[in-house]
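Asks: Encoded as structure tokens, here's the structure I'll be asking about.
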């Protein structure tokens, strides 16, 4: 009995929602999620069009941020809904893989029956353990959303070739624009997109059709890229962002080649065998160099065979390269990450489904092969569900990560934050002490130890802790300076001591100079006024009133204080 396409798609959605249901209760991750939630309050007040303006940093993801702003307007800061949206986008991607596999199996055989292979491809991707980081982490939505539009673009490319219609190529261009606005490195799909346009083109279309389709597909991105970088250079200068990127690159030629093959081999292995799963991958064995070399050789072999299934697997290998680039440039908080192969895994499962279908039919063993894949789905699902439960609790996730990346001191800090929030201060202190002994010790470890002292009411101990990393305020970590100011604010509220006031004034003096935040001008002005220095207080109130964002709670107060001080 043939199961209808609609029922199969509904089944895919049901599986994704069931497997990832635990992620709805995952809460907010202290890595990136907190900062994103904080920024949402500011972004929600701006015009949506402001999100699409060029920025000076590495990232340009206006469509991604627009989805978060919409979430914020609908649900506020309730994380469960943000997780639910991630799950639904992943379900949509699984359904698009079903449709893509179905379309590809009909290339050259329009009347052929795709059988169970589209559903198997969708399921293999839906429950693949490698996708958990992208789905369970709110900030991982960038991979989900970018992948969604790349899949739409690929479907358009397939349709363009099947119908010899440039209108579908234009639809693919539109989808790719949205993909790049979701995650800028989706631009790496442009070469595979052009490759598939030609590879899928029947001989009857001729080379002229292929050249025309590729020109239509790539030309808009050449012009759009020039326009974007022109606007960016005009506003921020030629070196904005790029000089920092080059500064991060510190490999010689030999190490560049070594790291390239090692990262490439690591990611290819992860797609086929993702365990162990790790949120913070900071190193990989040099043995992966040989895996990477073998994978490059396999990629060349696959491209020479000119088989659609092998072409798709080769595309999946190519789409690992953005992750390799990140490993070389160190622009992310860890050099390696599972989320970087989310998109690549799409084309791996699609290609494997195509290959296995052809092999099983040629051997007349389709039922056996389908049965083996169905059995394989069980351990994959178990591993994915177990990982989703790990992601439910930050303390559990970071404890797991700390075991797998023991040399990464930043994970001691994240685990300590989770333990502090859970009220387990003794365990948090132990974790922080361990982190301080590591070579990669971070100022955040001292800041969070100071947080613990504040919770315990030990204000002098909190100050001593921060002073270990604030011996020179002019070069100290900004977050450490903020914590020092917070500690001295509390100390002054308890004693109103002149010595504490001097310490507090000195810290805010440095903050106003280094941070360029009008709030610090406002607060520094308040303290100066309390200390009797009306002239300098007026100067800082003026700066606060002038530069404070519209609607901020202190802008009007600063303006009133300026008026009052000028009258007197």
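Numbering starts at 1 and runs along the chain as it is shown here.
A Cβ is built for glycine as well, from the same backbone N, Cα and C atoms used for every other residue.
Bear in mind that the values here come from a model prediction, so they are computed numbers and not experimental data.
Pulled these features from TrEMBL for this protein:
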| type | residues | note |
| --- | --- | --- |
| TRANSMEM | 7-28 | transmembrane segment |
| TRANSMEM | 58-75 | transmembrane segment |
| TRANSMEM | 87-105 | transmembrane segment |
| TRANSMEM | 142-160 | transmembrane segment |
| TRANSMEM | 166-197 | transmembrane segment |
| TRANSMEM | 209-231 | transmembrane segment |
| TRANSMEM | 279-303 | transmembrane segment |
| TRANSMEM | 310-333 | transmembrane segment |
| TRANSMEM | 339-356 | transmembrane segment |
| TRANSMEM | 368-385 | transmembrane segment |
Asks: Residues of the same chain, at least six outside the transmembrane segment (58-75), with any C-beta under 8 angstroms of its C-beta?
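Replies: Same-chain contacts beyond the flanks: 36, 40-41, 43-44, 48, 51-52, 81-82, 85, 141-142, 145-146, 178, 181-184, 228, 241, 244-245, 331.
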Asks: Which sequence-distant residues neighbour the transmembrane segment (209-231)? Criterion: at least 6 residues beyond either end, Cβ under 8 Å.
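Replies: Same-chain contacts beyond the flanks: 54, 60, 157, 160-161, 164, 166, 169-170, 172-173, 176-177, 180, 187, 190, 193-194, 197-198, 201.
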Asks: Would the transmembrane segment (87-105) count as touching the transmembrane segment (339-356), i.e. at least 3 C-beta pairs under 8 angstroms with sequence separation of 6+?
Replies: yes
Asks: Who are the long-range neighbours of the transmembrane segment (7-28) in its own chain, taking Cβ under 8 Å and residues 6 or more past its ends?
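Replies: Distal contacts: 34, 37, 79-80, 83-84, 86-87, 90-91, 94-95, 98, 118-119, 122-123, 126-127, 135-136, 138, 381, 384-385, 388-389, 391-394.
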Asks: Take the transmembrane segment (279-303) and find every residue of the same chain, 6 or more past its ends, with a Cβ under 8 Å from one of its Cβ atoms.
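Replies: Tertiary neighbours of the transmembrane segment (279-303) are 133, 258, 260-266, 268-269, 310-311, 313-314, 317-318, 333-338, 397-398, 400-401, 404-405, 407-408, 410-411.
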